[in-house]
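The structure under discussion appears below in the form of structure tokens.
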Amino acid sequence: MAVLSVLLPITFLLSSVTGTPVTSPRQQSCNTVDEGYQCFSGVSHLWGQYSPYFSVDDESSLSEDVPDHCQVTFAQVLSRHGARYPTKSKSEKYAKLIKAVQHNATSFSGKYAFLKSYNYSLGADDLTPFGENQLVDSGIKFYQRYEELAKNVVPFIRASGSDRVIASGEKFIEGFQKAKLGDSKSKRGQPAPIVNVVITETEGFNNTLDHSLCTAFENSTTGDDAEDKFTAVFTPSIVERLEKDLPGTTLSSKEVVYLMDMCSFDTIALTRDGSRLSPFCALFTQEEWAQYDYLQSVSKYYGYGGGNPLGPAQGIGFANELIARLTKSPVKDHTTTNTTLDSNPATFPLNATLYADFSHDNTMTSVFFALGLYNTTEPLSQTSVQSTEETNGYSSARTVPFGARAYVEMMQCTDEKEPLVRVLVNDRVIPLQGCDADEYGRCKRDDFVEGLSFVTSGGNWGECFA
């Protein structure tokens, strides 16, 4: 586990970012099962996909509660893995950058003092202990939300084949089972859930939880180009300030972003509960964090979402699997589904009522856009920051943070013959598109499926190999 060689007082760190003192999270409950990570929210909710999960239920006028006259009959969670160390390639770049700063800077004063003796010791790729705890909490929350179903059944669980994703599924199970065993009304004698299916991430293998098949998409630079464009907009003034404050250093725009990345990665590695904020965070202003957060949204939107012509197509396979589960009918798909797995009841049952799938932020972004959840989001500006109000709720921090979870629930109500479907992303009800959503954001199941014509037709998947 990574160890930070210098820890600054929490109140100093946040006051450097926001200008106001902050109560130590050790004195308050700021990381909970229900609300997720609310510690240092003035900055931690601005880390894009590197933010730990936080509930955004209050960002919708629609209640996330199940109406009293309705009963949930089906629930599916699609989850991102928990907080992790940087990827191996990024970890090497971060270490190299910090070493260069330490070698070249002739002065380390004020908020930069910690850099002089900072020891880079972050791991790579795997979950941090904090990330493991996130998924335990996620399992507890899933059980509690769908208790009437969960107390009597065992969920069917799949994971994409990277170690951190599999481990996330296992930690989710730990939390789910902990909640179930603590429920006096739960059915006794049932086996504990297991990760029933692990889908390999070997290149060329069909996997609805991890993209890799679409040649044209994998070769696309649309996301990188958009990211570079906005990076060039907001980083020059930061480069100028940092080079002045750290005399002797020469930094690129990309390296500024790397230093900002360290704020999140260092924080989630310091403690199991996220109660210490990394001193890297104080190196940047509140406005700069808003710009950084928007950069991550631009990157995801143009890399894997609606801003990439083939982005939503990468989510078609999972969306067709979801339709099969909702309708209890065989999967109909010719994109990323694995026919061998999906035609076998042992590896793709259609009679379950609880499902959990574990994936990555990129593929989840594609799934959300394949389902049309953010069809009302206009193309993101690549030159100026847009608020989440302007993007109709879309941002990478609010959709695919570490430990993100989307719930697809089907309910039977006394005033409706047909079951109703709705989707919540990190607790925010997303009014369904392509069908006549009611005041709860729900659509009749058949109308929901009919509205997914992009998915059921295979969309523009054929362009992958043109």
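First residue shown is number 1, and so on along the chain.
Yeah, the Cβs are placed from backbone N, Cα and C, and that goes for glycine too.
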Point to revise | Recorded disulfide partner - Cys70, candidates Cys413, Cys435, Cys443, source Swiss-Prot | key: Cys413
Check your understanding: Out of Lys116, Lys300, Lys328, Lys417, which is the one Swiss-Prot records at the 1D-myo-inositol hexakisphosphate site of Gln49, Tyr50, Arg80, His81, Arg84, Thr87, Arg164, His360, Asp361?
Key -> Lys300
Exercise for review: By CA-CA distance, flag whichever of His81, Asn119, Asn206, Cys263, Asn351 among the recorded positions is nearest to Cys70 (disulfide bond).
Suggested key: Asn351
Check your understanding: Cα distance, Cys413 (disulfide bond) to Cys443 (disulfide bond), nearest Å?
Key -> 12
Check your understanding: Taking DSSP three-state, what's Cys443 (disulfide bond) in: helix, strand or coil?
Key -> strand
Study note, to complete from the structure: One should report the C-alpha separation between Asn351 (N-linked glycosylation site) and Asn338 (N-linked glycosylation site), rounded to whole angstrom, as 19
Practice item. Express the distance between the Cα positions of Asn206 (N-linked glycosylation site) and Asn219 (N-linked glycosylation site) as a whole number of Å. Key: 18
Practice item. Measure the Cβ-based neighbour count of Asn351 (N-linked glycosylation site), defined as the other Cβ atoms within 10 Å of its Cβ. Key: 8
Exercise for review: Go through Cys30, Cys214, Cys281, Cys435, Cys464, the listed disulfide-bonded residues, and name the one with the sparsest Cβ surroundings, counting other Cβ atoms within 10 Å.
Suggested key: Cys464
Practice item. Check the Cα-Cα distances from Cys413 (disulfide bond) to the recorded positions Cys39, His81, Cys464 and tell me which is shortest. Key: His81
